[in-house]
Amino acid sequence: MGDLLSGFADALTPGNLLWAFVGVTIGTAVGVLPGIGPALTVALLLPVTFRLEPAAALIMFAGIYYGGMYGGSTTSILLNTPGESASVATALEGNKMARAGRGAAALATAALGSFVAGTIGTIALSAAAPLVADIAVNFGPPEYVALMAVAFVTVSALLGPSLLKGAAGLVIGATIGLVGIDTQTGQTRLSFGLPSLFDGIDVVIVVVALFALGETFAHLIAGTGASRVEPLRGQPMLSREDFRRSWPAWLRGTALGFPIGSLPAGGADVPTFLSYSIEKRLSKRPEQFGRGAIEGVAGPEAANNAAAAGVLVPLLTIGLPTSATAAVILTAFQSYGLQPGPQLFSESGDLVWALIASLYIGNVLLLVLNLPLAKVWVRLLGIPAYGIYAGVLVFACLGAFAAGGTIADLIVLTVLGLLGLLMREAGVPVAPAVVGLILAPLAEQQLRRALALSEGDWSTLVSSPLTVALWILVVLALVAPPLLSWRRRRVSQTLEETSTTH
Amino acid sequence: MTDIEEGRPLPETPEVAHREARAAGALGVLMVVAAVVVLVDAARLRDSDEALGPAAAPTLLGVLLGLIGGALAFQSRHFLRTPERPHRRLWRLAALVAGLVAFALLLPIMGYVVSSAGLFTGAALLLGAPHPARVAAYGWTLAVIVFLVFDVLIGLSLPTGPWGF
Amino acid sequence: MRYTWRPAAAGPFVAAAVATLLLIASLVWGGDDDAGFLNGRQLRLMAPAAPGGGWDQTAREMQAALRGEVGRTEVYNVAGAGGTIGLSQFVRHDGDATQLMVMGLVMVGAIKSNDSPVALDQTTPLARLLTDYEVIVVPADSPVKGMSDLVAAMKDDVGKVSWAGGSAGGIEQILAGLVADAVGADPAEVNYVAHSGGGEALSTLLSGRATAGVSGVSELVGQIKAGTIRPIAVSSPQRLPNLPDVPTLKEQGVDVELANWRGVVAPPGISADDERQLEDLLVRMTRTDAWRETLERRGWSDATLTGDQFEQYLAGERRTVTDVLVKMGLA
């Protein structure tokens, strides 16, 4: 505790606060741009921090990191163009809310949810990082296979109204995920001899193509280029009702995001999908999902930012970079003189505590910046669609080019954009495609790894208590929803009966 | 009230439903074609001595693609036969796709600023922007700002033309 | 007053004019801050991999160390396929001596296993800069005490010994294959479980399901010092200064030596004079304090080698790598 306080003392100078504010602002500003996800945001902005002394650099970095993680939600909500996979779930309900004129409420619940989740995540990071890391390292390939099974059975809520069309989206995404070199054997799959496809298609490019380009193309052929959305007037940003529905979702999202983010192969996207599904299952008004349910924004957005804190657990305690973003952060820590790994706290304790204090401060500043900004962002919708989507196109191309550095990436972007348009026209939801793209390759890799390590013995999949527990969850997830809806029907029947007797 | 339980509004007009069914049919056909490509590609892979080789996942996905695509195409078989009325702004789509390809090809030659300004202007006009000159000015401004911020300030190196930007 | 997008008619044109002025200003003032070398033109350094990896780290450390020599240099990433995508783009800068690319042993292997149409003999090799040796580790509670136990297990049934390491066909798999070959086991039978990076491989090893792990020394030093994993051999010719207690493979009777070296190449067709100037520049860079400090901090070993010697070394590496990749059935 005393360590943390001295960390705050290091971080809380007026000069450092200024750097934190600058970090949050540019992190959010760059993170907002569709196509420029958190990994690229952090990678691009890191050199800016190198010119500062370590404490100031760390605090600015914390602002950039949380700002970049948060920024994606704004365009998801307002324009239905998530800049990265972890914002896809936010777009589902958030954009429906924005179209109904409730964009400010969606942005506000996202900002507050990010703050709550980021703060709880940071507390968990400072209090329990070594403990969480001990559990996380027990996750080997068989455990991941079981976790992926849990994810697959729970994300059905994302599939939308038509099961066939939802499944079509899922399979299309999974097929895109096959493209590239197979990690186990080094052979290329579905690359047709094109070197640009050897490393697979970047998730950011797929997300931007399916959502942002698909949206642009849809406006183009519908001829709705001059339309704009009118925000509702004279309403509080977040009504009491909104708040009552949001806060449990924030907490549930955090509870999913932090632990899954802490897993070496967890990432920030899986918990957002799970959170969306759980909110839909638990909601008293499931019929609102698909037309702008605020829980569907609050939960995933909290999960996203809690995972952002969770990612730092394996990074700091075992020196394991678990994602592209984490690999970039690792480089950053090393250049600030932090050597992540088991001896981090004993060797560079002061800097670690300054970092953790910075994360708290970055989080507060993010809220201070974004809550008032929600009203300003909504005005962005006052720009006619032709201006917005021409700009989206410019940034999408910039992001695609920056991610891969080749012209071929732009061609891939265009082709996938056309696929996105066709899916949209056919009523096939694009969110499941992103789920398939992320989960399927992970599940395949881990399953094959598990079987290679056990020399083909399938019983390895239930070889530890952890795997058994996860498989029980899978069974529960399959059995519980029908039971729940049956009980709900019973309850509402009894309610109706009692009300008629009165 | 069935529409609310389904979680989405009913299609407003038969026209829209018709269009959606036709698109679903086209997607279904595309998926069946993709299924064949995926299966052929999977058959070409060298097998390894793993319990699950590199071809297992593509084979499974190929079969699923074929089945789901076939089902989609089957559902909308009636609509696929009726010809599409041609004058639905599809030429705009073709023009924008051509613009994106041109952008990709011109980027290394003309540099980032000129290509992006052109892309913005072209896209906005195709989307229905009213004042070409004003849109071009906005496009130029946006491209220059992006270049200044990302290339000059942050150091992400963007392609430049013979004139240095 | 409702906000609408209808600024004064002149607004956009004023904005465009201001932007143009700023652009020209940045070109005029930004152009002349480094002078002398290559007629004052700025060096551009390609890291043919995504940010965060070994080549990217090398390129960015070079950028810092070169600041005192040539001022600002520019680093950019072209990711993909073991660096071969970057390579195929790089060779197009024919005769342009301001373009440099970081490369290394991994690229030599990737060119072979990906059947890349462009090879390294289409570049002008300048210098090898550093090596990062590999270390073979086992979980802390593993019954394997040293290489002799591992070798015995491999001779018994090579498929029962699982290796966790980086990408397929990469340096870690090459090392596993070389070890199998040296102890008389079939390299094609090695049970190698590939991961997208050293970190992921480490997490599989820590979960206790793989027999051994292979990774760059610099990636694992922290874990080794903390005692969560136990090193049993390093792939260097002599023991390493930062792991003095860990014997080499050769000491334990396994005749294998493997260095994950990294170096720099220039495009084809540059003049002999430019080539000499660039080599001098790189040698000067390796003598700077900044570079020395980098090597120590990262746990890299200095391995400066230039000119014909480097070209011969490169040819030798190509033969070794091709040989083992063919034996393992990867090329």
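Just so it is clear, glycine is given a Cβ too, placed from its N, Cα and C backbone atoms.
According to TrEMBL, the domain 'DUF112' annotation covers A:17-434. Per TrEMBL, the feature transmembrane segment maps to A:20-46, A:58-79, A:104-132, A:144-164, A:203-226, A:306-330, A:351-374, A:386-419, A:426-443, A:463-484.
Between the transmembrane segment (A:386-419) and the stretches A:203-226, A:426-443, A:463-484, it is A:203-226 that has the most C-beta pairs under 8 angstroms. In summary, the transmembrane segment (A:20-46) does not lie against the transmembrane segment (A:104-132): fewer than three C-beta pairs, each 6 or more positions apart in sequence, are under 8 Å.
With a cut-off of 8 Å on Cβ pairs spaced 6 or more residues apart, the transmembrane segment (A:58-79) and the transmembrane segment (A:351-374) reach 3 or more such pairs and are scored as touching. When each of A:104-132, A:203-226, A:426-443, A:463-484 is scored by its Cβ pairs under 8 Å to the transmembrane segment (A:351-374), the top-ranked stretch turns out to be A:104-132. The transmembrane segment (A:306-330) shares the most Cβ pairs under 8 Å with A:104-132, out of the stretches A:104-132, A:203-226, A:426-443, A:463-484.
If one looks beyond the transmembrane segment (A:203-226) by at least 6 residues along the same chain, the residues whose Cβ comes under 8 Å of a Cβ in the stretch are 34-35, 37, 39-40, 79-85, 88, 91, 173, 176, 384-386, 389, 392-393, 396, 399-400, 403-404, 409, 412-421, 423-425, 430, 433-434, 437-438. Tertiary proximity for the transmembrane segment (A:463-484) is limited to same-chain residues at least six positions away from its ends with a CB under 8 Å from its CB atoms, namely 138-139, 142-143, 145-147, 149-150, 153-154, 281, 454. Beyond the ends of the transmembrane segment (A:104-132), by six or more residues, the same chain brings 4, 66, 69-70, 73-74, 77-78, 90, 93-94, 97-98, 231, 235, 237-239, 242, 246-247, 249-251, 253-254, 257-259, 261-262, 292, 294, 297-299, 301-310, 312-313, 316-317, 345, 356, 359-360, 363-364, 366-367, 370-371, 373-375, 377-378 to within a C-beta distance below 8 angstroms of the stretch. Per-residue confidence over the domain 'DUF112' (A:17-434) averages 83 (mean pLDDT, predicted model).
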